């Protein structure tokens, strides 16, 4: 009779589990689908299969308890008491595992919802990079607690295992300090986000490139020549980085053009501004500008500034602007200033003065050179 009751309880449990699955699907279709958020939809969808297994595991444990109370040989001191106790512990372990699967499924569903619904509306690059790590970490923590409970059910001391693991972890940590430092540095980069995959950055040593990967141990940067620069994360986390993609991906082009003093400044400014405004990749906002920035020793300095949509296009657009500026200046008779010094040579025979104009690399004021003067040798 006891075994018949046990079998009936299992059948009822199976039916209840199936009914619960149908009820949850009905709730998802009739109630949850009408809400403003998709979080509850994801939770119900992820939790429905696990809830069924939790009900089955609980039903099995309750049926075993009922069977044990009805059969004397399964009770304490009975012939099969030890075996029945082990069976009960196994059933409880199944319950723990089923609950663990349910909790892990709900947490992962919530994290996936955050990644697709909230992080997708903002700059969620770091979320996509960090989320797999978070999900693995949460699963590991939940699994550890479940394992500790199961071990306690079978009389295995978890504290002793933790102490042993602690000693082993300390030894491993001492042997792999650099690895741990790099992993912590990678985690700090993913959380703080000084740069992201796809950003153009410049390091303190002058190396420039685009970030192609942020791993647990290293960050990989593709340089202009196509080579990969691999930097340990602990160094990346502790160095100064210029990020050309933040706060916006737009990049500035700024240059100084030097013209001669006899140049019509207003005309030169207009020619420069026309070149900037006519280029299709120069942004209208911020507005391009040209200013007379300085009176140099040998030139008038015209400073211009404009913006392009990305750092990647900056060098190509700069080249195109320089070529157009050079062409426009030649067409409008605007001369670029070149440093020069005037040297006057006096010939005593016929008192003929000759002036020679030579390039002056230092741009100093004109000097006079007289043949035979010891100061000129």
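FYI, residue positions are counted from 1 along the chain as it appears here.
A Cβ is built for glycine as well, from the same backbone N, Cα and C atoms used for every other residue.
Marked as domain 'Mechanosensitive ion channel transmembrane helices 2/3' by TrEMBL: 138-177.
In the domain 'Mechanosensitive ion channel MscS' (178-244), helix, strand and coil residues by DSSP number 20 helix, 23 strand, 24 coil. Residues or ranges marked as domain 'Mechanosensitive ion channel MscS' in TrEMBL: 178-244.
The average pLDDT for the domain 'Mechanosensitive ion channel MscS C-terminal' (256-335) in the predicted structure is 93. The domain 'Mechanosensitive ion channel MscS C-terminal' annotation in TrEMBL covers 256-335.
Among the features that TrEMBL reports, region 'Disordered' is placed at 353-377.
If you look up TrEMBL, you'll see 50-74 (among others) marked as transmembrane segment.
Per TrEMBL, the feature transmembrane segment maps to 86-107 (among others).
Taken from TrEMBL, the feature transmembrane segment covers 141-174 (among others).
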